[in-house]
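Annotation source TrEMBL lists active site, nucleophile at Cys277. Summarising the annotation, TrEMBL assigns NAD(+) binding site to 12-17, Asp37, Arg42, 90-94, 131-132, Glu166, 277-280, Arg347. What TrEMBL records for 162-166, 221-225, Arg261, 268-274, 339-340, Arg443 is substrate binding site. If you look up TrEMBL, you'll see 333-448 marked as domain 'UDP-glucose/GDP-mannose dehydrogenase C-terminal'.
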Amino acid sequence: MTKENLKICCIGAGYVGGPTCAVIAYKCPTVTVTIVDLNEDRIAAWNSDNLPIYEPGLDDVVFACRGRNLFFSSEVDQAIQEADLIFVSVNTPTKKSGIGAGFAADLAYVESATRRIAQVATSSKIVIEKSTVPCRTAESMRAILEANSRDGIRFDILSNPEFLAEGTAIPDLMYPDRVLIGSLQTPEGIKAQNVLADVYANWVPKEKIITMGLWSSELSKLAANALLAQRISSINALSAICEATGADVDEVAYACGLDSRIGPKFLKASVGFGGSCFQKDILNLVYLSESLHLPEVAEYWKQVVTMNEYQKSRFLERIVKRLFNTLTNKNLAVFGFAFKKNTGDTRESAAITLVKHFIQEKANIHIYDPKVEDAQIEMDLCEPGIATPEQYKKSVTIFHDPYEAAKNADAIVVLTEWDEFKTLDYQRVYNNMHKPAFIFDGRLFLDTKKLQNIGFQVEVIGRQV
Ligand code: UDX
Ligand code: ADP
């Protein structure tokens, strides 16, 4: 393989594999990138005008190179055979049953993708672990590949964790803080590391491409997410103190963030963090710590998730209390269902937990989100343990217009910080609501004074109003 005619295959056309490998194709016109997935509908969507993922800037990147050096296909075996480098970007959900249920990552998809590579490869490959995985997954991948390798075929394993955040994936990929590549520190491992480093060097400054051992690289991914989530849980814990004392959590965060040792980012209090990574990665870390017989370490990290759950239940209790201790038959407009703005992703969204409780409290729930698909909302809320399809039908209505969602509502509960919620005509919203009209700002981003002047009863996380 030469630098010019390198062929890359990405297994898994999801939130990670899709944008990451599309940007590689965009930045490396001489490299051929084929993204494959078993899910044919998903591949069809990637080949259509309506991409399966909403991500600002993604359309431009895909449309610029699709059909040129970027291809989406469900011919997994062929793409594996042709590739020099294979990214494994399949899903790794938290296990729902068996050993480690609720904590450990389910590696069945990683294993099956790895076995497929071993089975069909007819030449040597560099296999890159891209999915978020527990420490030492690369070791299992290596064992499977080595046990199945045939004469003259060599597999080198790299860990190349993804640090993109949804909603800003394209800028995160174009201008990363760092690119991390882990490998076995053998001459072959380092050679493989250099091949991947050369791909990134097409657009990432050399000093930002960091190489290290496999285990450090795998643990760094879990550690980075755990540290970020820990900051949010820390500020959320402080938000409870603020509500009880009259301090303002935004002011506290501002004051603390000016200390250059602390810094201002990831100190925004909220109804709780969501997303596919934070909780999963922390639970992985907890599981790892327990397996290593480090119970105090496990307990320490577990507390970050406990605090996140507490934040959601505290907000729920505040809503019930302010609505005269009952939600029965009240109309609640839920603004935002995605786990953060600028994404249609709902994985671990605080909205799922909140709406589950609203259903249990027998409220009528009107949901509006600018990007989340109706079918996704229904799927999330009809999961076992959330609501039955009958309860869902009885309690939940989806709207495509925020004014309609808020019509005849007793309260608006803002759960995602979509920009458009800041600029709604709240006088118009207010006029069509039941009185007293409440707004619960779970993102601390609306203009409280303005809303109060209109007549709203406003409740904000981390602040007495
Ligand atoms: C995260 C990491 O940021 C990224 O590096 C990693 O690769 C994947 O996991 P993501 O989950 O996409 O990315 O979004 P992020 O911006 O980190 O937000 C996660 C959650 O935390 C969201 O629910 C967000 O609303 C919440 N959050 C974030 C806060 O509540 N307060 C903050 O200050 C920041
Ligand atoms: P992530 O957020 O980690 O990218 P997603 O669930 O969005 O996770 O995407 C993972 C994708 O991987 C899914 O589209 C799934 O169909 C695909 N996938 C899982 N296992 C395999 C496999 N063995 N071969 C090909 N694709 C796979």
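Start at 1 and count along the chain as shown; that gives each residue its number.
Using N, Cα and C of the backbone, Cβ positions are placed for all residues, glycine too.
A map of TrEMBL features onto the structure.
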residue	record	DSSP (3 states)
Gly12	NAD(+) binding site	coil
Asp37	NAD(+) binding site	coil
Thr94	NAD(+) binding site	strand
Glu162	substrate binding site	coil
Leu222	substrate binding site	helix
Gly272	substrate binding site	coil
Gln279	NAD(+) binding site	helix
Phe339	substrate binding site	coil
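Annotation for Ala165 (substrate binding site): spatial neighbours Asp172, criterion Cβ-Cβ under 8 Å with sequence separation of six or more. Taking a Cβ cut-off of under 6 Å from any atom of ligand 2, the binding-site residues Gly12, Tyr15, Asp37, Ala269 reduce to Gly12, Tyr15, Asp37. Here the domain 'UDP-glucose/GDP-mannose dehydrogenase C-terminal' (333-448) returns a mean pLDDT of 97 for the predicted model.
For the domain 'UDP-glucose/GDP-mannose dehydrogenase C-terminal' (333-448), the number of residues in each DSSP class (helix H, G, I; strand E, B; coil) is 41 helix, 20 strand, 55 coil. Sequence-distant contacts of Tyr15 (NAD(+) binding site), defined as residues of its own chain at least six apart whose C-beta falls under 8 angstroms from its C-beta, comprise Ile53, Glu55, Glu166, Ala169, Ser276, Asp345. All protein chains considered, the CB of Cys277 (active site, nucleophile) has 25 other CB atoms within 10 Å. The recorded positions listed here (Gly12, Asp37, Asn91, Thr94, Cys277) include Cys277 as those with a Cα within 10 A of the Cα of Leu222 (substrate binding site). On its own chain, Asn91 (NAD(+) binding site) has Gly12, Gly14, Tyr109, Ser131 as residues at least 6 apart in sequence with a Cβ closer than 8 Å to its own Cβ. Working note on the binding-site residues Gly12, Glu162, Asn225: by count of other C-beta atoms within 10 Å of each C-beta, Gly12 ranks first.
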